[in-house]
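Database features, via Swiss-Prot:
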- 54-83: domain '4Fe-4S ferredoxin-type 1' (DOMAIN)
- Cys63, Cys66, Cys69, Cys112: [4Fe-4S] cluster 1 binding site (BINDING)
- Cys73, Cys102, Cys105, Cys108: [4Fe-4S] cluster 2 binding site (BINDING)
- 93-122: domain '4Fe-4S ferredoxin-type 2' (DOMAIN)
Amino acid sequence: MTAIQHFFKTFFLTELLKGLALTGRYTFRRKFTVQFPEEKTPISPRFRGLHALRRYENGEERCIACKLCEAVCPALAITIESETRADNTRRTTRYDIDLTKCIFCGFCEESCPVDSIVETQILEYHGEKRGDLYFTKEMLLAVGDRYEKDIAAAKAADAPYR
């Protein structure tokens, strides 16, 4: 670039005007910003959100303490303790998920042989302290009880792909 060309580019501010023209072109286009939480975007049917533990229709919890979900979790976010009952079946005494470690990969849900642990469509949850994101067995069962109809519908819709 010659000195004269450089002088004209800097004197007439052509680079600045090109930038302003580009900005002007995008000023009046449709905006893609979503004003969350007032506006919501559609959620995929396979979205993986908050975990829940399910129960059978008779009220008994589904988890058989096989510990497959604990073994397959890449983030080591699941902790399970179990005991043998009088009828020689295992049941969990402790089932904890640390959501600060969880990467929501869905391996726990895929590995469960009795569909006990599921990931729901719930994405609006928070914790003000680190301990608020540590879900115990009772908390997970409460989520499962509250949203059982939604969970069952999502499982039925996803059945052809399993």
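Using N, Cα and C of the backbone, Cβ positions are placed for all residues, glycine too.
Annotated features, which come from Swiss-Prot, shown on the structure.
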residue : record                          : Cβ neighbours (10 Å)
Cys63   : [4Fe-4S] cluster 1 binding site : 24
Cys66   : [4Fe-4S] cluster 1 binding site : 17
Cys69   : [4Fe-4S] cluster 1 binding site : 22
Cys73   : [4Fe-4S] cluster 2 binding site : 19
Cys102  : [4Fe-4S] cluster 2 binding site : 21
Cys105  : [4Fe-4S] cluster 2 binding site : 15
Cys108  : [4Fe-4S] cluster 2 binding site : 23
Cys112  : [4Fe-4S] cluster 1 binding site : 20
- Note on the structure: Helix, strand and coil residue totals from DSSP for the domain '4Fe-4S ferredoxin-type 2' (93-122) stand at 5 helix, 9 strand, 16 coil
- Task: Please name which of the binding-site residues listed here, Cys73, Cys102, Cys105, is nearest in space to Cys112 ([4Fe-4S] cluster 1 binding site), Cα against Cα.
- Result: Cys73
- the domain '4Fe-4S ferredoxin-type 2' (93-122) [mean pLDDT, rounded to integer]: 95
- Query: Reported as an integer number of Å, what is the Cα distance between Cys66 ([4Fe-4S] cluster 1 binding site) and Cys108 ([4Fe-4S] cluster 2 binding site)?
  - Reply: 12
- Please tell me which one of the binding-site residues listed here (Cys102, Cys105, Cys108) sits closest to Cys69 ([4Fe-4S] cluster 1 binding site), measuring Cα to Cα? Cys108
- Taking DSSP H, G, I as helix and E, B as strand, the domain '4Fe-4S ferredoxin-type 1' (54-83) contains 5 helix, 8 strand, 17 coil
- Give the distance between the Cα atoms of Cys63 ([4Fe-4S] cluster 1 binding site) and Cys108 ([4Fe-4S] cluster 2 binding site), rounded to the nearest whole Å. 12
- [4Fe-4S] cluster 1 site, defined by Cys63, Cys66, Cys69, Cys112: further same-chain residues with Cβ within 8 Å of the Cβ centre: Ile64, Ala65, Lys67, Leu68, Glu70, Ile80, Cys108, Ser111, Pro113, Val114, Ser116, Ile117
